[in-house]
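Here is the structure we will look at.
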């Protein structure tokens with residue numbers, strides 16, 4: 001647990017499938033698929049991976065010119081690669097932007113995340129395919145993304161970092177009253193009070209039940225019965241006043 005961090009330092013499909021990075025058993029088939037995959041980064045991709053940003057959740061109508069207009073405000077851009085479908089040529093909604101200087105890269109990474117471009121809030125992170133050891137893409141069951149509806153959420157990235165693990169042993173001791181003798185005595189006394197209260201409630205309910213049965217048998221409603229009782233109590237008060 002000492003080496004735990006909210007952002008993964010290397011990619012492990014099993015840990016990425018865990019909300020806090022501590023799971024020991026795969027819980028969906030995509031994790032098994034990622035664990036068995038042997039992925040090699042695309043050798044056709046050129047450029048410096050340590051100066052490249054990954055930009056996702058783009059509007060499908062967003063063009064390279066629009067991306068250049070927005071991201072050039074952070075520094076000089078060397079190359080923009082908007083990923084497109086090989087058959088249709090349409091945008092797939094994500095791109096890679098390579099800067100000339102690390103200072104520009106860091107500024108864009110800090111300021112451009114959740115920026116709205118063409119009515120879409122974008123997501124910005126460093127390129128991970130060539131920089132994060134053991135990286136497995138989403139199509140093979142890996143990645144740091146996913147949707148709640150699919151049940152294949154992935155954690156450890158900027159968008160969904162690991163949550164801090166909960167100290168389960170301490171919680172269990174407190175929950176079951178395994179602490180001091182004073183706590184244990186309080187728990188037992190509280191149990192006796194509840195049991196006594198439940199028995200009294202049961203007795204009162206048994207006493208009231210025959211009265212309700214008689215009123216239902218005579219066709220008398222509960223409201224009518226209450227009004228009769230109010231009138232009788234009023235007559236008794238008048239008699240006492242006289």
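Keep in mind that glycine also has a Cβ here, set from the backbone N, Cα and C atoms.
Across the domain 'RRM' (51-129), DSSP helix (H, G, I), strand (E, B) and coil residues number 22 helix, 30 strand, 27 coil. The feature domain 'RRM' is assigned by TrEMBL to 51-129.
Residues annotated as region 'Disordered' in TrEMBL: 146-242.
Annotated compositional bias 'Basic and acidic residues' per TrEMBL: 146-162 (among others), in sequence order. Counting residues of the compositional bias 'Basic and acidic residues' (146-162) by DSSP class, helix then strand then coil, yields 3 helix, 0 strand, 14 coil.
For 180-242 (among others), the entry in TrEMBL reads compositional bias 'Basic and acidic residues'.
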Same-chain residue ranges lying at least 6 outside the compositional bias 'Basic and acidic residues' (146-162) that approach it to Cβ under 8 Å: 4-8, 11, 15-21, 28, 30, 113, 123, 125, 128, 138
